[in-house]
Amino acid sequence: MSWIERILNKSNITQTRKASIPEGVWTKCDSCGQVLYRAELERNLEVCPKCDHHMRMSARARLHMLLDAGSEVELGSELEPKDILKFKDSKKYKDRLSAAQKETGEKDALVAMKGTLQGMPIVAASFEFAFMGGSMASVVGARFVRAVEQALEDNCPLVCFSSSGGARMQEALMSLMQMAKTSAALAKMQERGLPYISVLTDPTMGGVSASLAMLGDINIAEPKALIGFAGPRVIEQTVREKLPPGFQRSEFLIEKGAIDMIVRRPVMRQTLASILSKLTHQPQPSVDGVKADAAVADNPGDA
């Protein structure tokens, strides 16, 4: 035994261990860098309580946020994508599909459901951005059309949350065809006088923004959502000019009249219920607690 070990009895030395924290307990805000408790962030509908940054949200979480609990019935869940073209870039398309399905638990990039919103029958669809960038392909178009057909059958409104990079290049013309297919389906909604509300979230780009996302009777956007056809960097390289600050963000678009409203996520459900009740000539829903729909205050400074 060395002299220092004799001086410092091992029994008196406290052994310290690095605390192990399970993955997914904490996360960081993409905007302000604040470290956030994951469970609290989920209660806040993925909105940072410090800076009010609206983070990306899964398709199912959006639909569960919107529809009354226990009323949800999924539409088109049996539809699955196929690699008809046997497409391969740096990776086979079928392998990309398998990886995306494993990561998200979804078969493709759109989830559609029917249900009720504060007692009103509605049909809702939502893009899953984590699935290949929410790209629009054959199954996405088919599910959206299924949602439109259900709304026509039930004589009720349709709400769609868009979050997409555009058409899926691995399906080539079949993905581009969905722009016309979904637009034609929405024309039937217009003929019947049924409301279609489009909610644009970050990001809504490419073929989705050029079709179903901008065809709403009312187009709503979340704060600071990136909305456009080509991305800002592509435009800058093409026109060789510096774009103005906030270009293609929802605040810029509402100034130019491209969208109708900007609505924060905590009050989105109540806002949609209020709009749809007016458009369908139903009694105005109760507003006893717009804040009951989320744990985030209307003013982030109050949180």
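For all residues, glycine too, the Cβ spot is worked out from N, Cα and C.
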From 29-51, 52-74, 144-166, the residue range that Swiss-Prot assigns the feature zinc finger: 29-51
Which residue range, 94-114, 283-303, is the one Swiss-Prot calls region 'Disordered'? 283-303
Counting other C-beta atoms within 10 angstroms, the emptiest spot among the binding-site residues CYS48, CYS51 is CYS51
By DSSP, what is the split of the zinc finger (29-51) into helix, strand and coil residues? 6 helix, 4 strand, 13 coil
Quick check on the binding-site residues CYS29, CYS32: which one has the highest count of other Cβ atoms within 10 Å of its Cβ? CYS29
Residues flanking the Zn(2+) site, with Cβ no more than 8 Å from the Cβ centroid of CYS29, CYS32, CYS48, CYS51 and excluding those residues themselves: ASP30, SER31, GLY33, GLN34, LEU36, PRO49, LYS50, ASP52, HIS53
